[in-house]
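Participant: Please see the structure below; I have some questions.
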Amino acid sequence: MVSRTGDTAGAAYPGRVTAQPARRTLLVETVLVLGVSLGASAVWSVLSLIRKLTYEAPLAAQTTSMNTSVTPDRPWLDLAYKLAGIVIALVPVLLALHLLARDSRHPGGPRHAMGFDLRRPVRDLLLGLGLAAVIGLPGLGLYLLARELGLNTTVAAANLADVWWAVPVLVLAAAQNAVLEEVIMVGYLFSRWAQAGWGTWTVVLTSALIRGSYHLYQGFGGFIGNVAMGLLLGWVYTRTRRVMPLVVAHTTLDVVAFVGYAVLAPRVDWL
């Protein structure tokens with residue numbers, strides 16, 4: 001049997017028939033995946049920004065709190081909340097991989113197709129750390145400038161109670177953010193939109209704009225910085241076809257932001 005793309009169906013998976021989904025099906029699928037994940041976050045983020053812009057205090061005088069305690073008086077329950085939130089947030093990643101697997105012809109499945117694996121650990125680690133350095137320092141400068149210009153809130157990146165598990169949970173939260181965003185915004189969407197016939201830079205730009213939009217809750221600086229980050233990471237992915245370096249870079253950035261804030265905020269006044 002021949003698939004709709006003209007390739008021999010099942011060539012990559014012996015005994016398995018695969019068919020290219022219709023363009024409309026692909027686009028509807030991406031909207032639905034975004035609707036239960038980062039697209040929904042973008043909607044809430046826009047509403048959050050509107051609320052802050054219409055508040056009596058100027059944007060720069062407001063604080064956006066992240067990684068907050070739910071039940072600080074009951075640390076065991078607070079930990080349960082945090083771990084449950086991390087696990088549940090990764091369900092859309094499993095959904096995206098499941099949907100890709102239904103028509104994937106890559107011998108290793110969709111994870112290998114997008115480079116979300118450990119086949120090149122050293123190279124991925126070095127590239128990821130390099131990307132984190134390239135993004136991190138200018139990103140911090142942009143944040144401070146945007147706040148000074150009144151275009152961004154003060155971002156309090158870590159607000160957990162003083163408990164032994166605070167740092168490990170912040171690291172897990174950073175990794176969860178990275179896996180969720182890079183697998184869906186790059187690995188999944190780049191694949192589906194390419195299958196739908198979109199051009200490379202249309203895909204890169206659209207993904208970057210969505211990435212920026214779900215960071216609007218921080219202010220306009222968060223939007224601009226994350227659009228720029230999305231453009232860079234999207235371009236790197238088109239060159240390497242590997243999501244793992246992006247996950248390493250994103251995890252590193254968030255670990256530094258979360259843990260760094262928790263350590264430095266009580267000691268410095270410029271954060």
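These residue numbers are counts, starting from 1, taken along the chain as shown.
Glycine residues also receive a Cβ, built from the backbone N, Cα and C atoms like all the rest.
Predicted, not measured: the structure shown is a model, and the values here were computed from it.
Sharing the features that TrEMBL gives for it:
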DOMAIN    164-255  domain 'CAAX prenyl protease 2/Lysostaphin resistance protein A-like'
TRANSMEM  26-50  transmembrane segment
TRANSMEM  79-101  transmembrane segment
TRANSMEM  122-143  transmembrane segment
TRANSMEM  163-180  transmembrane segment
TRANSMEM  192-210  transmembrane segment
TRANSMEM  216-236  transmembrane segment
TRANSMEM  243-264  transmembrane segment
Participant: Applying the under-8 angstroms CB criterion, which one of 26-50, 79-101, 216-236, 243-264 scores highest with the transmembrane segment (122-143)?
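Facilitator: Maximum Cβ contact count belongs to 243-264.
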Participant: For the domain 'CAAX prenyl protease 2/Lysostaphin resistance protein A-like' (164-255), provide the mean pLDDT of the predicted model.
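Facilitator: When the pLDDT values over the domain 'CAAX prenyl protease 2/Lysostaphin resistance protein A-like' (164-255) are averaged, the result is 99.
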Participant: Tally Cβ pairs under 8 Å between the transmembrane segment (243-264) and each listed stretch (163-180, 192-210, 216-236), then give the stretch with the top tally.
Facilitator: 163-180
Participant: Taking the transmembrane segment (163-180) as reference, which of 26-50, 79-101, 192-210, 216-236 has the most Cβ pairs under 8 angstroms?
Facilitator: 79-101
Participant: State the residues, same chain only, that lie 6 or more residues beyond the ends of the transmembrane segment (79-101) and have a CB under 8 A from a CB inside it; answer 'none' if no residue qualifies.
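Facilitator: Distant Cβ neighbours of the transmembrane segment (79-101) are 29, 33, 36-38, 70-71, 109-111, 113-114, 160, 163, 165, 169, 172-173, 176, 179-180, 183-184, 187-188, 191-192.
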Participant: Using a Cβ cut-off under 8 Å, which residues of the same chain at least 6 positions beyond either end of the transmembrane segment (26-50) come close to it?
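Facilitator: Residues 92, 95-96, 99, 180-181, 184-185, 188-189, 192-193, 195-196, 210-211, 213-217, 219 contact the transmembrane segment (26-50) from elsewhere in the chain.
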